[in-house]
Amino acid sequence: MPADWLAPTDLKQAAAVQRELARRVVAEGPPGPVRTVAGVDVSNFPRDPTGRVFAAVVLLDAGSLKPRATATAMRVAPIPYVPGFLGFREVPALVAAFAGLPERPDLVLVDGHGVSHPRGLGIAAHLGVLLGLPTIGVAKSILVGHPAGELPPAKGATVPLSWNGREIGTVLRSKDRVAPLYVSIGHKVGPAAAPDLVLRCCTKYRLPEPTRAAHEAANAFRRHWAAENA
DNA sequence: GCGACAG
DNA sequence: ATCTTGTCGC
C-alpha cells in the first residue's frame with residue numbers, strides 16, 4: 001500500500017486515490033449473520049492548528065445494543081478538513097483504534113457518507129475497504145444528491161437519495177418527526193440491506209446507538225487526553 | 001464564473 | 001467538528 005494512500009500530497013492526488021479505492025468497494029453483503037455492530041467517531045479540538053484527531057470505536061452486541069468493548073487512538077491529520085476528503089483526516093486514527101479492539105465486528109456504522117460521495121468513496125467506504133470490513137455510512141446531512149420525493153414523517157420511512165439519475169443511497173427517518181439520516185453503503189453491504197441494518201440500531205434517538213456510543217467515547221477520550229496534557 | 005460543500 | 005443560551009414540544 002503506497003504511503004500517499006494515507007497521507008496524500010495534495011487534493012488532486014487524494015482524489016486519484018479515492019477513485020482507485022472506490023473500484024474495490026463490494027456492494028453486497030453482509031457475508032454472514034450480524035451478531036456484533038461497531039460504531040466509530042472522531043472528536044476534535046475547535047480551531048486546533050495541530051490537527052489532532054481523537055478516534056473511538058465501540059463494539060456492541062447487535063441484539064441488545066449493549067456496549068462490549070471500546071478502543072481509542074489519537075493521530076495528527078495529514079490534511080485539513082475539506083468537503084469530499086474527510087476520510088484522509090479520520091481513517092488513519094480509526095484504523096489505529098480498531099487494532100485495539102478484542103475482536104472484529106460483523107458490521108461498522110460510520111459517521112458520514114459511504115458511496116454517496118463525488119467519487120464514490122466517502123469515509124465509510126474508505127474505512128471499509130482499508131479494513132476489509134462491512135461498513136455503512138450514516139450522515140446527518142447531504143454531501144451530494146437529492147431526496148427522490150417527500151419523506152413520510154414516521155420512523156422507518158425511506159426515500160431514495162439520487163444523484164445524476166443514479167440511486168446512491170437512502171434518506172431514512174430514524175425517529176418520528178425528526179430530521180432524516182442519509183444512509184449509503186460503505187463496503188461489503190448491499191444497498192437494500194443497509195437501511196434495515198441501520199434502523200435495527202435505532203431506538204429512541206435520531207442517531208443509531210453504535211454511533212452515539214462512539215461519539216461519547218471519542219469526546220471522553222479527547223477530554224481525558226487534554227486533562228493529562230495540560 | 002457561481003453555488004454547494006459529510007465531519 | 002466545537003461552543004452556547006434559550007426555546008419548543010411531548
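Glycine is no exception: its Cβ is also placed from the backbone N, Cα and C atoms.
The shown structure was predicted, so the numbers you read here are calculated from the model rather than taken from an experiment.
The Mg(2+) binding site annotation in TrEMBL covers A:Asp41, A:Asp111. Look at TrEMBL and you will find A:Tyr81 tagged as site 'Interaction with target DNA'.
Taking the features listed in TrEMBL, we show where each one sits on the structure.
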residue: A:Asp41; record: Mg(2+) binding site; Cβ within 10 Å: 27
residue: A:Tyr81; record: site 'Interaction with target DNA'; Cβ within 10 Å: 13
residue: A:Asp111; record: Mg(2+) binding site; Cβ within 10 Å: 22
Distance from A:Tyr81 (site 'Interaction with target DNA') back to A:Asp41 (Mg(2+) binding site), taken between C-alpha atoms, in Å: 15
Where A:Asp111 (Mg(2+) binding site) sits in the secondary structure, as DSSP reduces it to three classes: strand
Inter-residue C-alpha distance, A:Asp111 (Mg(2+) binding site) and A:Tyr81 (site 'Interaction with target DNA') (nearest angstrom): 15
